[in-house]
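One structure is given below, encoded as C-alpha cells.
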Amino acid sequence: MKNNVVVVTGVPGVGSTTVMQKAMDKLIEEKISYKMVNFGSMMFEVAKEEGLAEERDQMRKLNPETQKRIQKMAGRKIAELSKHSPVAVDTHSTVKTPKGYLPGLPAWVLNELNPDMVIVVETDGDEILMRRMGDESRNRDLETTKSIEEHQFMNRCAAMAYGVLTGATVKIVKNKNGLVDNAVEELISVLR
C-alpha cells in the first residue's frame, strides 16, 4: 500500500464522512484496508476526559489555546496508530471559531501525521446548507451559503499549505446531491 496516512476533509455537512466510509467499505472488498480515525472524535475524547465539553460541537467554542492542546494530544494518538497500519483520518481542514478559522492540522499535528495525501470533499454551498438544515442530529450554527463557500475556500487554501509543508498531494473530490457513488469512486481511485 502506497499511502500510510491519508487525510480526508470537508466542511460540516458536505458528506466527507459518508464518502470516506463508503470508500473504505469498498476497498475492504479489494483487500485494501485503512484504519479509519475521526480526528474530531479523538479530540472530543480528550476534551470530555478533561471536562471541557459535553457534546462534540461545543469544542468549536473553546478558547484557541485549549483547542490547540487538544489537537496536539489527538495528533499524537493517531500518529501512534499509523505506525502499525495505514490510517485514513477524517477531519476538517479548518474549524470556524468565534475568533476566526483555526487550522484543523496545524504544524504540530502535521509533523506527527506527515500525510501522503490530503483530500478535500466539496459541493455547492446551497447543497451543504440544505443538508445541514435537514440534520437534526447535530447542533450546528446557522450559516449562509456565502459563508459556507468562504469556509470551503479556506479549506482549499489550508489543504495546499499542508501539501507544501509535507509533500502530500491534494485532491478535490466533488460530492454532489444524489451522486455520492461518483464521489466514492473518485476517492477510491486515489486510495488504491
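Cβ atoms here come from the backbone N, Cα and C positions, even for glycine.
Here is what Swiss-Prot says about this protein:
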BINDING   Gly10, Val11, Pro12, Gly13, Val14, Gly15, Ser16, Thr17, Thr18  ATP binding site
Secondary-structure category, per DSSP, in which Ser16 (ATP binding site) falls:
helix
Which has the fewest other CB atoms in a 10 Å radius around its CB: Gly10, Pro12, the listed binding-site residues?
Pro12
Ser16 (ATP binding site), number of other Cβ atoms within 10 Å:
25
8 Å Cβ shell about Gly10, Val11, Pro12, Gly13, Val14, Gly15, Ser16, Thr17, Thr18 centroid, ATP site members excluded:
Val19, Val121, Ile128, Arg131, Asn175
